[in-house]
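As structure tokens, the structure follows; a few thoughts come after it.
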Number of protein chains: 2
Amino acid sequence: MKTYNVAIMGASGAVGQQMKDQLEKRNFPVKEIVFLASSRSAGQEIEFNGKTHLIQEAVPESFEGIDIALFSAGGSISEKFAPEAVKRGAVVIDNTSAFRMDKEVPLVVPEVNKKDLTLHNGIIANPNCSTIQMVCALQPLKEQYGLKKVVVSTYQAVSGAGLAAINELKAQAADFENAPNAEANVLPVKSAERHFPIAFNAIPQIDQFTDNGYTFEEMKMINETKKIMHDEHLAVAATCVRLPVVTGHSESVYVELAGAPTVDDVKKALADAPGVVLMDDPSNQVYPMPLMAAGKDEVFVGRIRQDLDNPNGFHLWIVADNLIKGAALNSVQIAESMIEQEII
Amino acid sequence: MKTYNVAIMGASGAVGQQMKDQLEKRNFPVKEIVFLASSRSAGQEIEFNGKTHLIQEAVPESFEGIDIALFSAGGSISEKFAPEAVKRGAVVIDNTSAFRMDKEVPLVVPEVNKKDLTLHNGIIANPNCSTIQMVCALQPLKEQYGLKKVVVSTYQAVSGAGLAAINELKAQAADFENAPNAEANVLPVKSAERHFPIAFNAIPQIDQFTDNGYTFEEMKMINETKKIMHDEHLAVAATCVRLPVVTGHSESVYVELAGAPTVDDVKKALADAPGVVLMDDPSNQVYPMPLMAAGKDEVFVGRIRQDLDNPNGFHLWIVADNLIKGAALNSVQIAESMIEQEII
């Protein structure tokens with residue numbers, strides 16, 4: 001069996017740690033592995049398959065001999081180092097937004113568009129966490145009934161904003177009475193002018209605002225969904241909201257289909273879809289929630305209802321671990337799919 | 001100036017306490033006031049305008065001589081005592097769902113349909129908290145541009161489920177590491193078979209499920225909105241979700257209008273609407289959040305965006321204090337509007 005030299009860029013971050021875990025858990029055919037980060041994290045120890053590695057400071061030469069480089073260290077790091085890695089023969093699977101909308105770069109969720117991997121030029125982009133879980137649930141509906149319109153409202157966990165955001169939520173949550181005046185330095189966006197407490201709150205801002213009043217996070221969901229699903233004309237709208245949840249993004253999604261299946265048809269399509277778990281039994285209070293989805297690989301879908309006015313309209317509640325399927329697992333699945341398709 | 005004998009039924013509850021506060025704060029023309037509750041809470045002391053009152057156990061005779069009775073003690077209490085109060089000449093303003101969809105009972109948000117108060121037969125229903133704040137923001141859009149479709153996803157606070165739910169959230173939030181295994185006895189519904197932790201979670205169930213897969217909370221939002229806005233044909237869909245927020249419901253709302261105004265037109269309509277505060281300046285990170293709306297009277301609206309595909313479509317983020325405008329204040333405003341319209 002062929003094995004590969006793998007690098008994880010951003011190994012000390014929340015997603016980087018999950019990437020390592022996924023490679024171990026899925027018995028990925030690793031020959032050698034290198035853990036890379038900025039100089040700040042260099043020297044930290046990391047265990048992989050029972051062996052201790054040291055995180056190394058990334059330099060262009062770090063990618064000599066690497067076959068697959070998993071990047072999750074921020075957009076500017078990807079812009080700087082991904083071309084260096086490609087130059088040295090590596091395939092880069094990049095979890096940042098740096099290359100996602102680049103026409104030369106496939107944006108891939110294997111359950112949806114793994115064939116796009118054949119078109120790569122060295123870099124493959126991993127979509128935004130909230131996009132990935134949504135398209136996994138939309139794809140079977142598109143295939144079977146046609147998809148015309150998507151309106152999504154998100155309920156996003158703080159771990160999407162990194163370990164500092166988790167620590168901030170933890171500190172704020174411990175001081176219930178002081179919630180409105182809690183110290184806040186991280187959310188909604190570290191670099192933003194104003195910061196707001198997240199404990200016992202809901203912040204309708206993820207990432208910075210664009211000129212049209214939508215945030216970058218909302219525009220990512222809109223543009224990435226069209227690109228992954230190969231449909232420029234698909235109507236997509238998003239409102240993205242940060243919640244006091246540690247891990248697990250939830251999404252309330254309204255879709256309008258071309259066809260008008262029964263709600264049981266829709267449930268069956270989702271139950272049969274790869275990577276999706278149907279979790280929908282209201283009479284027994286069975287529906288997905290972030291606390292139960294955290295740590296799991298799958299995309300969970302429940303609360304499936306036909307719209308009461310439009311027979312083509314359906315409502316879904318989609319939950320997944322934003323660090324796993326939303327980031328690390330999808331990156332590793334991209335690599336697995338490239339191996340399976342003999343692209344690498 | 002005419003003054004009125006007022007009773008508060010459910011005086012020891014979260015909403016009952018807010019009703020008392022609102023009567024004080026708004027200098028409601030109270031002649032005498034009586035605080036009523038079940039035998040369990042009878043005997044508790046309560047301050048009103050500097051005078052100490054004792055909560056009395058409610059019996060039918062408690063309503064002798066009462067002009068206005070504000071009820072918030074659960075549906076079965078309203079069913080039992082509201083007719084007794086009306087029989088004795090009181091007007092009942094009922095915050096439970098017991099009479100809301102009764103054709104003989106006006107369901108009123110004064111900013112929207114105060115004229116319906118003239119049709120009362122002794123009982124007036126106060127709508128569901130999540131409905132009230134939404135229709136305040138929808139009404140100016142309906143009046144100026146016509147309203148065709150509403151899709152709402154809610155982000156609801158635990159105080160809507162009473163003091164026990166607040167205490168449960170507080171206890172769970174203090175034990176960050178144990179979140180998935182936290183003891184849960186109240187949410188999503190006290191009487192339900194299964195209970196789930198709310199801290200660091202999002203529960204897509206509020207109230208019990210109906211046969212069509214929607215919850216009662218969702219069907220309340222759908223049916224009450226049509227009734228208040230006098231439009232049987234208005235398409236309304238709702239997904240209701242409970243969050244680890246103490247007070248303040250948020251709503252992500254997509255509307256389709258008959259007209260296609262500019263986003264500035266929509267903002268102006270909302271800025272001019274009674275009871276509504278426009279809070280929408282993305283470049284300065286100004287938007288409503290539950291932590292800032294808690295304790296305030298108004299309905300706050302922000303994140304207003306035109307849909308990118310449909311010029312008739314708009315997205316809104318609506319936040320209000322669910323105990324104040326969502327319950328106690330609206331009840332008191334109903335009474336004030338009846339006085340103003342000389343119905344009482």
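Yeah, the Cβs are placed from backbone N, Cα and C, and that goes for glycine too.
TrEMBL: automatically predicted annotations, no manual curation.
Quantities reported herein were computed from a predicted structural model and do not represent experimental measurements.
Under the heading active site, acyl-thioester intermediate, TrEMBL lists A:Cys129. Taking a C-beta cut-off of under 8 angstroms and a sequence separation of 6 or more, A:Cys129 (active site, acyl-thioester intermediate) has the following same-chain neighbours: A:Gln156, A:Gly160, A:His249, A:Asn322, A:Leu323, A:Gly326, A:Ala327. Mapped onto three states, the DSSP output places A:Cys129 (active site, acyl-thioester intermediate) in helix.
Among the features that TrEMBL reports, active site, proton acceptor is placed at A:His249.
TrEMBL lists A:Ser12, A:Gly13, A:Ala14, A:Val15, A:Arg40, A:Ser41, A:Ser159, A:Gly160, A:Asn322 with the feature NADP(+) binding site. Cβ neighbours within 10 Å of A:Asn322 (NADP(+) binding site), excluding its own Cβ and spanning all shown chains: 30.
Under the heading phosphate binding site, TrEMBL lists A:Arg100. In the three-state DSSP classification, A:Arg100 (phosphate binding site) falls within coil. Note on A:Arg100 (phosphate binding site): other Cβ atoms within 10 Å of its Cβ, all shown chains, come to 22.
DSSP gives A:Gln156 (substrate binding site) a strand state. Positions annotated as substrate binding site by TrEMBL: A:Gln156, A:Arg242.
If you look up TrEMBL, you'll see A:5-120 marked as domain 'Semialdehyde dehydrogenase NAD-binding'.
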Most distant Cα pair in Å, residues A:Ser12, A:Gly13, A:Ala14, A:Val15, A:Arg40, A:Ser41, A:Ser159, A:Gly160, A:Asn322 binding NADP(+): 25
Intrachain C-beta neighbours of A:Arg242 (substrate binding site), sequence separation six or more, cut-off 8 angstroms: A:Gln156, A:Val158, A:Ala161, A:Leu187, A:Pro188, A:Ile198, A:Ala202, A:Ile203, A:Pro204, A:Gln205, A:Ile206
Residue among binding-site residues A:Ser12, A:Gln156, A:Ser159 with least C-beta crowding, 10 angstrom cut-off: A:Ser12
Inter-residue Cα distance where the pair is A:Arg100 (phosphate binding site) and A:Arg40 (NADP(+) binding site), in Å: 27
C-alpha spacing of A:Arg100 (phosphate binding site) relative to A:Ser12 (NADP(+) binding site), in angstrom: 23
C-alpha spacing of A:Arg100 (phosphate binding site) relative to A:Ala14 (NADP(+) binding site), in angstrom: 20
The one of A:Arg40, A:His249 whose CB sees the fewest other CB atoms within 10 Å, among these recorded positions: A:Arg40
Inter-residue C-alpha distance, A:Arg100 (phosphate binding site) and A:Ser159 (NADP(+) binding site) (nearest angstrom): 21
Protein Cβ atoms within 10 Å of A:Ala14 (NADP(+) binding site), excluding its own: 21
